[in-house]
Amino acid sequence: MTLTPTSLCSADGCCSGGEVIESLGPNCDSLRSRMALTQVSSNKCAGGFQKVFEHESVELKCKMKFAVYLPPKAETDKCPVLYWLSGLTCTEQNFITKAGSQLAAAEHGIIIVAPDTSPRGCGIEGEDESWDFGTGAGFYVDATQEPWKTNYRMYSYVTEELPKLINANFPTQPDRISISGHSMGGHGALICALKNPGRYKAVSAFAPICNPVQCPWGQKAFGGYLGSDRSTWEAYDATVLAAAYSGPQLDILIDQGRDDQFLSASQLLPDNLIAVCSEKKIPVVFRLQPGYDHSYFFIYSFMSDHIKHHAKYLNA
């Protein structure tokens, strides 16, 4: 199934297949090719549909997949959108098969979009050598260094290209979006919200990398993607961005497992972010959850709380 802008919504809450593009006029071939989606899978779930699509990304210059959950409400009405950013090594599949988000999303009438975590199959030397750099580890930055800068533009993909694609193909409320994520994706969610004051109605994160300029994961990724000038790294560090934030009030929810091995390894550094937010009077609910680790078992346990957090602002 191929979807195109201005398609009509069908009974499964998604744009119908086929070339429903007459209203775009005869000179819109480039728009058509940029916005066209190919449906990879569709499964009835929690009264709605869990779908996966593939498209040719302009920003990343490769084929990309993303998952979208369409709640029952999407069959008849436009819905707000929650963007979910996954962590290191993940694809769009981890979240939709493990997090248990669909029931709460159905209840609150929220579309959830979960992209992949990096470009794939770009033929870049070394892209598959490490689990924490390259494939599956885009870190939601726009790379400035060779050989990464042509393809590794996940920040622009997540904040610009993907929302345009979603709004063109699904029954969304474009002015009602929020963002969440886990680990590397928690870092991504926080920086997207902090770098774009007023765009996201709410933000939440599970075990986010809060201060990447100070941790081994961040230093490796930023050094490779952004170069040796550490001052350029600060544009993608939630703790640094929070210190300079001057936008509308942003209510942040963070859950962190106390038994998370990466917390004890100083990869996450939530205390640094919390201290800055406290100083800047940025509202943060930080919950240290005893006994929980870094896995999707942890995410599953508190996902409904996060959906409720977003629904409070998205449905206000």
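Placed from the backbone N, Cα and C atoms, the Cβ positions cover glycine too.
Unlike curated entries, TrEMBL annotations are predicted automatically.
Listed in TrEMBL for this protein:
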ACT_SITE  Ser183  active site, charge relay system
ACT_SITE  Asp260  active site, charge relay system
ACT_SITE  His294  active site, charge relay system
Distance, His294 (active site, charge relay system) to Asp260 (active site, charge relay system) (CA atoms, angstrom): 5
Entry from the active-site residues list Ser183, Asp260, His294 having the most other CB atoms no farther than 10 A: Ser183
Inter-residue C-alpha distance, His294 (active site, charge relay system) and Ser183 (active site, charge relay system) (nearest angstrom): 8
